[in-house]
Structures are given as structure tokens and as C-alpha cells.
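Going by Swiss-Prot, these are the annotated features:
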- 289-309: compositional bias 'Pro residues' (COMPBIAS)
- 375-650: domain 'Protein kinase' (DOMAIN)
- 57: N-linked glycosylation site (CARBOHYD)
- 58: N-linked glycosylation site (CARBOHYD)
- 73: N-linked glycosylation site (CARBOHYD)
- 131: N-linked glycosylation site (CARBOHYD)
- 172: N-linked glycosylation site (CARBOHYD)
- 183: N-linked glycosylation site (CARBOHYD)
- 201: N-linked glycosylation site (CARBOHYD)
- 208: N-linked glycosylation site (CARBOHYD)
- 240: N-linked glycosylation site (CARBOHYD)
- 246: N-linked glycosylation site (CARBOHYD)
- 25-318: topological domain 'Extracellular' (TOPO_DOM)
- 319-339: transmembrane segment (TRANSMEM)
């Protein structure tokens, strides 16, 4: 019997321990007004001193971390919420300068110590892993140092960091005063208690950060932090943390010291996942300690016995003082020169005398670098054969798209810049506006209006798109692009050949209007000018037969590509799709086949619900008319506009003359096309062809 009781007692103890462990794993909130018994994981300089969490001390180039030991479950599921809220009180004592700063951190693990230069990165990153998406770190920094590693120039700012020391958003430390109706600035490294509120709404995907000094003298009676929380947050940013967090995460703090030092204290902390954190009772929070003593140093040696001063000793002493002063000044000048050259090299641009005439359209590299947060991966909108495109925001609040391409000196950069300036003068509601450019070393940055709805290509072919375009929206986009091409071909001061018309180069603005973009292959020429044969460029399925045969781009080759574009939008498929059955592989041939069978409506995009059959038939016939193998049979853009608006009747077409193979061009046309290019020597090595979108 005694044995049975002992066995039962043993299993009861095991069950209690397991239950305690399970309950501990489910804890999603805590409050600390004192850290004496706090369940924290500490490393580096971090320690608990008299109930205060002491993150950093007077050690140089070191880090300190403190994390709550129990992980938080941030997996996305119907039963869990990604919302969280936290409050904490901190104080920073500057010892030499204001120190490097500290941060509230949500990280996938507690041990985030790095060797090397981590102290310059708030103890969160180092030079090798900064700006890596695999970091899975969200931090709110309280930065008291301006360093070359970060873009922010202020040594007293609050920032939201995602996987990098470069903040997604930042602002100088201040709080909104309801009585004065404005923001009031204060110092983070003030030796005084400062409150921080961080709230993330998982439904709205909105992160708010608010800061304010704790009132002095501190209330002796119970006094909740919520009563002094400013109405307006300092920072407010839309962030999808499900793309950052990696399931189980840890919450805590990170601090660091570089060559400048500071004591950083956390005096109270409240946290809750899935709701609002409990307000801290300020009457229970410990005051900041008295100013920490300066670093200890060995006692000075006893003074030597006094000797009567002599004129020689006085002269020697003056010489030493002068030498030390001159050496110090020289060192400071060298250091200043080094920092100046470092920043100058970092933001160095290429600027030649002939570019002065284009100066109103030049942007400084420094401003663009800040606008797109240092070419970070999370700012990347797309990439292709002509460079990468990043999203940015100018200080005025204007959103921009910046294309980063590498230019070839042999192309004649002066001519290229002149064409950029010409493109900057193009003004049409259905063109993506080029705002300006910047040259730096071997790269060129082109600045455009930002189009919030991305490319038409994405709407037509991305299966993950939540919403398809309606029939009326597609028709409106086709009409908009046609209007833009009429402007380029006939209404501007020169003839502009786009040479790369396709769905991936049509961008959609906030109202889903189509705008023709990507002028990377565009060419300008005067009206009546004989056209030169050039390197053959374009995309398979959009290139007119005479372009590949003769190497001369004209308005008719643009119209051929526009015809392929019309078919692409109406049919919801690319001009060439190798995975389809042979007779359907080439869209133009498939439409021609269905036209001859009198089953033209079979090619209309099956994703469309309701559509107007009469309009669809007109657009399909217009696409085929633009795609005739003989360029003389293709309409001009002015006639195309008339057909689209119903002001003219589209002529009857033959479905047997779709543009494939060698074109049927008259001798007169061939003579005109080759008049100035008889010396051109073409081979397949001269052809630059793209397949599909980019």
C-alpha cells in the first residue's frame, strides 16, 4: 500500500510540473514594477541592480540584452492574434556623449550577440547581417547617437526598425501636448524617467509608437501611466508583421555603447499579446538612480617634492603645451577630413559641365538614397533586364518609383541624358511621368511617379491577385494606352517610338487608369527624318516582321506591338505561351484561326464574367488589323482612336494576313527604310530579344 501511495505521489508531482510548464507556455502578458524577481534572460552588460534593469554601463563597445524567458506565439491562425501592446519606463544617463542608444525588440531568439561591430548597431545586427530578411527582427529604437551606419542625422530620435539599423520611419523625440496643441521636444538621454507606449493592431496592421516624460515630481499615490499618454502617437506605420515574425518570438530590450558611453535603465515594463497592456502604476516605479559615478581609475601617484621654478622649466612646459595643442588640432582636422571624404564618397555623383542644362531634372543621390531607405529589399517593386525599381518617398511626402540601371559609357551618355531630358518634358495623362534622374559612378537612377496598383501584367496573369479587372476597366486601359501612343507618334514636337509596348510596361494608377511606362528602349526623331537601322530590340510576340527583317523601328512597328497588346488584354493571355497546344501557342495565329471558324468569342478571357460581345469583336478585329504582316495595311494611331470611339467603321480584314514570317513590303517602303542604313551590317548577334514580361 505504501508503495502505491509513493507511486501516486510521484505521478501527481509530475502532472503538476507538466501543467505548470504548459500554463507558462501560454502566458501572454506580464507586468513588472520592480525587476528583483523578474523572469528575464540577461546577457552582455545587462544586470539587475536594486530592482532596476541595467542594460549598459560604462564599458565601451559592448552590448546588453534582456528578454522575457517565455516565448510568444505569433503564428497566424484563427485562434491567435498578432496584436500586441507594451509600456515601459526607461532612463538614460550620458557618461561620455549620449551613448549609442537602446531598443525594444521582438526577435526569434534570445541570444542575439554578434561579434565585431554589433555595438554600432544597437546590439541587434552587425555589418554582415544588417538588412537581411532572415533576421526576423522588429525593433523600436531610442537612438541617442548619429552614426554613419544609420541614415538618420539626429542624435535624439525614435525609429521603427525592420531587420536593419536603418529605420522604416523615425522622428525626433517629442510628445503631443493637448493644452498647447503642438509637439514638445525633449532629450532621451536626460537622466529622467521616460514612458514609451508601443501598440500594434493586427487587424489594421498599424504600429503606433508614443513617448512622453514621466511627470516630476512623480506622484506618490497610485497614478496610472494611461492618464498621461498623449492623444497622438509620435510614429504611426502600416506594417504586416506576419511577414517579419517567424512563429515563436521573444520580447525584450537591447542596448549598446560604442566609443561613447551611457548607463541605460528599464524601470518598469508591461506587455500583453492579443490586447491592451496593463497600465503601469507610476507610484510603484523606482526612481532613476543617482547619477552613476565616473569610471574608476587608480589613485594618482604622490606629487614630487616641490622644486623652485626656473625659467628653463617654464619654457619646456610651454613647449609641451603648444605641441599637445597643435597635435590635437591636427588630429581633429584629419578626423574631420576623413569623415567628410567618407560621406562625400558614399554620396558621390557624376556631374559634367554639359549636364548643367538639365539641372532642374537632376536629383541628388543623397536625397534619393534617403527616400528609398538605402535600396533595401523591402522597398523593391520589381526587377528585370533593365534594372531594379524601388519605392521611395520624398521629404515633401510625394511617393516615387526609382529605377536603378547601369549605363554603358560607349552609348554616349550625353545623348542619353538629352533623351532623358526630352522624356521629362513629355506630358500626358496616360504616360508615367519621368520626374528626373541622377548619375552616380557607373549607375543611373531614373525617378518616376509612383503607380500604386502596379503593372497590368500582374492583374492579367497573377493567379494570387484578389480581384480581376472588369471588362469596362480593360477597355478603358486600352483606350488610355492608345491615347498615349497618339500623343507620342503625332502630337508631340518629335516622333517618339516606344519600341516595347506590352502589358508589363502598362502601369495602373490609383483609379486603375492605364499609363504607358518604361521608356528604356524609346527613340526620338524629327518628323520626315530618314530612319536609321539599329540594333533589333523587343519582346517575342510583340515584334513586327519587318523589324526583325530590316532592323528599322517605325510608328508601324509600335502599332504592331499595340495590336498584340489589345489581344493580350482581351484574351487574358500572353502572345506566346509554349505550354499550350501547338495551334494555340501563338495568340495571333489562334485568334486568326477562330476568326476563320467564326468562333471569335472563344478567345475572350474566361475569367471575365459579363462582357459586351460587340465591343470584344471590335477589339479583336482591331488587334488583328494592327498586326497585319504588311505595315502599310496597319492603321495609324489617329484612325485607331476613331475606331475605338465609334467615330469610324473598322475596315474588313483578312485573317490570313496576320503578321508572321517575312513581311510583304513594297519596294518603295524598302527603299525608304534602307536609304540611310545601307551600310548597316546585321547578324543575329545584333539582336536583343526579351521573352515575356519583365
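In case you wondered, yes, glycine gets a Cβ from its N, Cα and C as well.
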Integer Å distance between the CA atoms belonging to residue 57 (N-linked glycosylation site) and residue 131 (N-linked glycosylation site):
28
Select the closest residue to residue 183 (N-linked glycosylation site) from the following glycosylation sites, measuring between CA atoms: 58, 73, 201, 208, 246.
208
Which glycosylation sites are spatial neighbours of residue 73 (N-linked glycosylation site) here, meaning Cα within 10 Å, out of 57, 58, 172, 201, 208?
none
Do any residues at least six apart in sequence from residue 246 (N-linked glycosylation site), in the same chain, have a Cβ closer than 8 Å to its Cβ, and if so which, in order?
108, 136
Residue 240 (N-linked glycosylation site): secondary structure state under DSSP, collapsed to three categories:
coil
When you measure from the Cβ of residue 73 (N-linked glycosylation site), how many other Cβ atoms are you left with inside 10 Å?
16
Select the most exposed residue of 57, 58, 240, where exposure means the fewest other Cβ atoms within 10 Å, treating these as the glycosylation sites.
240
Could you measure between residue 240 (N-linked glycosylation site) and residue 201 (N-linked glycosylation site) for me? Cα positions, answer in whole angstrom.
10
Looking at the glycosylation sites 57, 58, 201, 208, whose Cα is closest in space to that of residue 172 (N-linked glycosylation site)?
208
How long is the line from the C-alpha of residue 58 (N-linked glycosylation site) to the C-alpha of residue 201 (N-linked glycosylation site), rounded to the nearest angstrom?
38
